[in-house]
Amino acid sequence: MPSNKSVSDAPIAQFTNCRILRGRRLQREDLWVREGKILNPEKLFFDEKGSADIQLDCKGSILAPGFIDVQINGGFGVDFSLPTDDFKSGIDLVSQKILSHGVTSFCPTLVTSPPTVYHQILPQISVRNGGAHGAGILGAHLEGPFISKEKKGAHPEHCIRTFKENAFQDLLATYGSLDRVRIVTLAPEIKGSSEVIQELTKRGICVSLGHSVANLSQAEEAVQHGATFITHLFNAMLPFHHRDPGIVGLLTSDKIPAGRRVFYGMISDGIHTNPAALRIAHRAHPKGLVLVTDAIAGMGLAPGRHTLGQQMVEIDGLNTYIAGTKTLSGSVATMDMCVRHFQEATACSVETALEAASLHPAQLLGIEDKKGTLNYDSDADFLMLSDSLHVQATYIAGEEVWRQDALGM
């Protein structure tokens, strides 16, 4: 087909015979891509008099935004909380492997660790765009060490800290640098946390509440100071109580500042949260739900012993425990598994399930103008999915980076 190249010489790709997730519903229309961005076909036809250079038949598949995992501790034998000589090759391996599970961007997550670990690892995490090399890296998620010992979960107690007198300087000294940090999980009841939340928020870092014994008023105060996320809702926090619902109460709180939305992570693996609890959260606050894997190094590997930062964990089926205990320690679920389980457990629409892994995490991080949607001019990071929400192909910047057929499956 002839095409008008007055605007750009780059080829135009047209994805046909598909249903696109756009505007909260699946729509039967084509997807147009050029130079890694999604095109507005009307502008292409009428302003440029252009047409497609390449046409790809999607054979009735769903096209949805790429998944964004904001809490992933590692996978495929790689532990993001363990300093190694080849840390970069480890993070590269994970970013490559998660393409097959539909993840196009992620936040490598470090669990509670000694300061020396943050100082060694954080300089080795590069914020970068995705591509054939793997999913994009949006910045680190530091889960701890400023958390509650009573709700430590799988975090090593000897590394947990409270803030010293100058709380924010203490945090800086602990981490070494915030240059590559996107999310910090902390317990809001710790003295000095209000100052820290305000300072992190000023720097564009998302503050998440978790591993905490905070009551509802402490959680509401943290949100008023800038916190916008809850780390793995229901896990490692006070259980819901009708007289003081704790952090869980933020889902229906009337003390959230106007125009602010509180998001919350859910590990939808069928292990960490009973389907009934998943349904309660989703029905209470559907627009805040963000699916996370909380995956550990053992994701993608056989059952047995693996690491999670400073501790050994054991995988038994889909259960992961601190070795020798029944304390849950992250998951081995992949993001596409979490999406399918969420959709099945809640009986929500396909659109809702997909947005919980794409649009909502993008909104949480303030990048919804670029990622998490298939709106015009956004990044062409998208997935080709079957009706049963199995990933058939993954695209980043409009380029195919993984395809099921390529593995002979």
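Note: Cβ is positioned from N, Cα and C throughout, glycine not excepted.
TrEMBL annotations: computationally assigned, not manually curated.
Features reported for this protein in TrEMBL:
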type	residues	note
ACT_SITE	Asp294	active site, proton donor/acceptor
BINDING	Glu143, His211, His232	Zn(2+) binding site
BINDING	Ala154, Asn235, Ala236, Arg243, His272, Leu328, Ser329, Gly330	substrate binding site
DOMAIN	62-401	domain 'Amidohydrolase-related'
Report summary line: recorded positions Glu143, His211, His232, Asp294 vs Gly330 (substrate binding site), shortest C-alpha separation belongs to Asp294
Query raised in the report: Taking all residues of the domain 'Amidohydrolase-related' (62-401) together, what is their mean pLDDT?
Result: 97
Query raised in the report: What Cα-Cα separation, expressed in whole Å, is found between Ala154 (substrate binding site) and His211 (Zn(2+) binding site)?
Result: 10
Report summary line: Listed in sequence order, the binding-site residues within 10 angstroms (C-alpha to C-alpha) of the residue listed as 'active site, proton donor/acceptor' out of Glu143, His232, Asn235, Ala236, Arg243, Ser329 are His232, Ser329
Query raised in the report: From the Cα of His211 (Zn(2+) binding site) across to the Cα of Ala236 (substrate binding site), what is the distance in angstrom?
Result: 5
Requested in this report: Determine which residues of this chain, when Glu143, His211, His232 are set aside, have a Cβ within 8 Å of the centroid of the Zn(2+) site's Cβ atoms, and list them as they appear in the sequence.
Outcome: Gln71, Gly144, Ile147, Gly153, His155, Thr185, Ser208, Gly210, Thr231, Asn235, Ala236
**Report entry** Listed binding-site residues Glu143, His211, His232, filtered to Cα within 10 Å of His272 (substrate binding site)
**Finding:** His232
Report task. Round to a whole number and give the Cα-to-Cα distance in Å for the pair His232 (Zn(2+) binding site) and Arg243 (substrate binding site). Result -> 22
Requested in this report: Check the Cα distances from His211 (Zn(2+) binding site) to each of the binding-site residues Asn235, Arg243, Leu328, Ser329 and keep only the ones within 10 Å.
Outcome: Asn235
Query - Long-range Cβ environment of Asn235 (substrate binding site), under 8 Å and at least 6 residues apart - result: Gly153, Ile267, His272, Thr273, Leu328
